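As recorded in TrEMBL:
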TRANSMEM  45-62  transmembrane segment
BINDING   Gly51, Ala53, Val54, Asn58, Ser318, Asn350, Leu415, Asp418, Ser419  Na(+) binding site
TRANSMEM  74-92  transmembrane segment
TRANSMEM  113-144  transmembrane segment
DISULFID  Cys156-Cys164  disulfide bond
TRANSMEM  231-251  transmembrane segment
TRANSMEM  260-280  transmembrane segment
TRANSMEM  344-365  transmembrane segment
TRANSMEM  403-424  transmembrane segment
TRANSMEM  444-467  transmembrane segment
TRANSMEM  479-498  transmembrane segment
TRANSMEM  519-540  transmembrane segment
TRANSMEM  560-582  transmembrane segment
Amino acid sequence: MDKLKCPSFFKCRVKEKVTASSENFHVGENDENQDRGNWSKKSDYLLSMVGYAVGLGNVWRFPYLTYNNGGGAFLIPYAIMLALAGLPLFFLECSLGQFVSLGPVSVWRILPLFQGVGITMVLISIFVTIYYNVIIGYSLYYMFASFQSELPWKNCSSWSDSNCSRTPIVTHCNVSIHGTEMQVNMSWIHANNFTCINGSEVYQPGQLPSEQYWNKVALQRSSGMDETGEIVWYLALCLLLAWIIVGAALFKGIKSSGKVVYFTALFPYVVLLILLIRGATLEGASKGISYYIGAQSNFTKLSEAEVWKDAATQIFYSLSVAWGGLVALSSYNKFNNNCFSDAIVVCLTNCLTSVFAGFAIFSILGHMAHISGQEVSQVVKSGFDLAFIAYPEALAQLPGGPFWSILFFFMLLTLGLDSQFASIETITTTIQDLFPKVMKKMRIPITLGCCLVLFLLGLVCVTQAGIYWVNLIDHFCAGWGILIAAILEIIGIIWIYGGNRFIEDIEMMIGAKSWIFWLWWKACWFVITPVLLIAILIWSLVKFQRPTYGEISYPDWGVALGWCMIIFCIIWIPIVAIIKIVQAEGNIFQRIVSCCKPAPNWGPYLEQHRGERYKNMVEPKKEIDHEIPTISGSRKPE
């Protein structure tokens, strides 16, 4: 910079400051936070949060749980658990991230002893992103396979075996041999040209073409986790494409992903509406709706503890609390954003989406039951089976099946992608907080590098044993680790840091509220929510069952590996706590007490928001030592 061209030293610093900011393509000129950046619009944030919360589970898990737990009666414990567990945790995490403008690890300046909780959240998010993109890859494969005049899984074909049938298969029957009635198998009958005696047939269920297509063609599934087999090349390519899409959407951070979610978050609603209208016009649709919610509702189910546990678990996982993503996304909000109204809007949208999706899914499953002569209970499957067997089977029977199939799997694709965007943003936000200088200069390489590493780690999930790995990671990592993190999060912030103190922090952002306003939140944060989460954790451990996929049990080494994964995620909680205590000064009691107090640099990120309560906080080391803080209002001079 040529000082002779500057009318004053001060103005030169202004120019240099602007240039430094302009190098950060993820920071806009009008952003309040010129270090980290902010959402371009409030709608970018809300749609990103909706996309993160509304995922694949809304389409396949919630409808099945509703059917399985009393139909419409299940909505009662579901709504109660939303109020008792979902909303309080959601509001807490949104407020926490927005208050300090930091990700899920650095935000634990609030309570250094618990910083390992943030590391656990990020590690679990990393494990989940590995297999979640594999499911997106499945959706891509099925979408591409649907571009045919007839869906390949509509009928049994060369890839199927003798068990492929939509109707029960006769395995044995009685025949008369020299006046003596004997039961023989069908292969003997065909070989000897005998005829079954009417009414003596013994049946076994056949495997649907869509089921055999899923196992034999799409997955090329091996006999178990012990038989890894080869990488299924077309699934690997679909996985690579999924990661390319994620990387392309995130290369500018929230500035690019905030625009992509306008499509990925809204398009699923268009498809669900189209599928609902189409499904409602099909014969037998009312039968499916009745099984889902209606005449078949069973209110006696409300007396069963399992129903309430399922409602609490579904709310907990559906809203994506304790994964770190809510903190990361909220950290890019402007300080005075109304995070309370955001929490209400996103939570209600998520839950209503689940209910709405159930109508679309079960109307078509009701039609499938009607044409096959079965009960809806016989065609309802949970998890992967609903998405990749039962529903494709139903779509294959519709006129114009390929069109409806393309729509459905493209909807699954968009549902998965925006959840994946937020998960990767959680990881990159953590890196940005820990290494701000590096991230500012190398955001694109780091983001793409994360995608590449996670793609390579995910290759084991697209082998012939891949589905077993996907199911294993989901069973262990997306379970107890998240519950443990959530329990420690609420205990640390509300019971140790102080619930009333945290409420004062929130009021610095959204303004003072009456004691009546906070009465419900205090009741939940201090007592109801932590007790509920602890009960769910204990219940889950007591009811632990060895993971299986279908009828196939996992080997001992597979179960041991699952426990190792979850231990690896949560072990950082005590490790980091010990490190913090060792680094502190004084006797053991004094060290623990000091680690249970906020770090000196805890508080709002920008000086202009610190007020009297945080005016003496110690600031993080500045990245541009010569910047003039009074221009941006973000730093005091050193």
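Every residue gets a Cβ built from N, Cα and C, even glycine.
A TrEMBL annotation is a machine prediction, not a hand-curated record.
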Listed in sequence order, residues with CB under 8 A of Val54 (Na(+) binding site) and six or more positions away: Ala265, Pro268, Thr349, Asn350, Thr353, Leu415, Asp418, Ser419
Neighbours of Gly51, Ala53, Val54, Asn58, Ser318, Asn350, Leu415, Asp418, Ser419 excl. site residues, C-beta within 8 Å of centre, Na(+): Val50, Tyr52, Gly55, Gly57, Ala265, Ser320, Thr353
List of residues, in chain order, with Cβ under 8 A from that of Ser318 (Na(+) binding site) and at least 6 apart: Ala53, Gly55, Gly57, Asn58, Arg61, Phe62, Gly86, Asn350, Cys351, Ser354
Cys156, Cys164, Leu415 as recorded positions, winner by CB count within 10 A: Leu415
Distance [Cα-Cα, Å, rounded] between Cys156 (disulfide bond) and Gly51 (Na(+) binding site): 37
Alpha-carbon distance [Gly51 (Na(+) binding site); Cys164 (disulfide bond)] in Å: 38
Stretch in 45-62, 113-144, 444-467 most in contact with the transmembrane segment (260-280), if contact is a CB pair under 8 A: 45-62
C-beta crowding around Ser419 (Na(+) binding site), within 10 angstroms: 25
Same chain, 6+ residues apart, C-beta under 8 Å of the C-beta of Gly51 (Na(+) binding site), given in sequence order: Val261, Thr264, Ala265, Leu417, Asp418, Ser419, Phe421, Ala422
Chain residues outside the transmembrane segment (113-144) and at least six past its termini with a C-beta under 8 angstroms from it: 56, 103-107, 218, 234-235, 238-239, 241-243, 246, 322-325, 327, 388, 392, 405-406, 409-410, 412-413, 416-417, 419-420, 423-424, 426-427, 430, 454-455, 457-458, 461-462, 466, 469-470, 473-474, 477-478, 481-482, 484-485, 488-489, 492, 496, 565, 568-570, 572-577, 580-581, 592, 595-596
Two-stretch contact, the transmembrane segment (45-62) and the transmembrane segment (344-365), at least three Cβ pairs under 8 Å: yes
Intrachain neighbours beyond the transmembrane segment (479-498), with Cβ under 8 angstroms and 6 or more residues off its ends: 89, 92-93, 96, 110-111, 113-114, 117, 120-121, 124, 316-317, 321-323, 525-526, 529-530, 533-534, 536-537, 540-541, 566, 569-570, 573, 596, 598
Chain residues in Cβ proximity to the transmembrane segment (344-365) (below 8 Å; excluding those fewer than six residues from its ends, i.e. six or more beyond): 46, 49-50, 53-54, 58-60, 62-63, 66-67, 75, 78-79, 82, 86-87, 90, 269, 272-273, 275-276, 278-280, 282, 285, 288-289, 291-293, 315, 318-319, 376, 379-380, 386, 390-391, 394-395, 398
Paired segments the transmembrane segment (444-467) and the transmembrane segment (74-92) in contact, 3+ CB pairs under 8 A: no
